[in-house]
């Protein structure tokens, strides 16, 4: 009976967040599911993780901060971090600069240039306090931000595709270090769906 219950629980959890679970273990009498790497037809999270570790080790070996690496690559510091974390595709032009800046294998460079990344995130990351507080700030101020965007730009959204993000610091009035995050996204207005502009009308039986 217990094994059947655990089996049902494991399937339910796996279905809720996209993970597959390889086994269940008991800690203090409570059974915990251990996620196995996600697998996609063109993407392996274990390969991704191995490459990311090599890239971060190379960054540390080179003694570069993200700001210094970004300066060498001519990109924002968050985009430099995304490249190393496998959250964006590496362009040919930036690949040459990256290889000059860090001791990276030719195979890793080619894989980063040819792989279309899975840009989603594991829900587990929201348990990290730094990440969650950023998420909390955006959700807390979300309605106010939307209202101001609408007031200043009209009915639409800020793109996260035609988009720049930069992280920096400043000094507060009491001498404390403060974090500054800048989002610079293209405004995309919602369109009025006029029939004459619809080039792909659905068929009618």
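Here the Cβ of each residue, glycine as well, is placed from N, Cα and C on the backbone.
The annotation active site is assigned in Swiss-Prot to 133 (among others) on the grounds of sequence analysis. Reduced to three states, the DSSP call for residue 133 (active site) is helix. Counting only residues at least six positions away in the same chain, no Cβ atom sits under 8 Å from the Cβ of residue 133 (active site).
Within the same chain, no residue at least six positions away from residue 136 (active site) has a Cβ under 8 Å of its Cβ. Look at Swiss-Prot and you will find 136 (among others) tagged as active site.
Per Swiss-Prot, active site is recorded for 159 (among others). The number of other Cβ atoms within 10 Å of the Cβ belonging to residue 159 (active site), over all protein chains shown, comes to 12.
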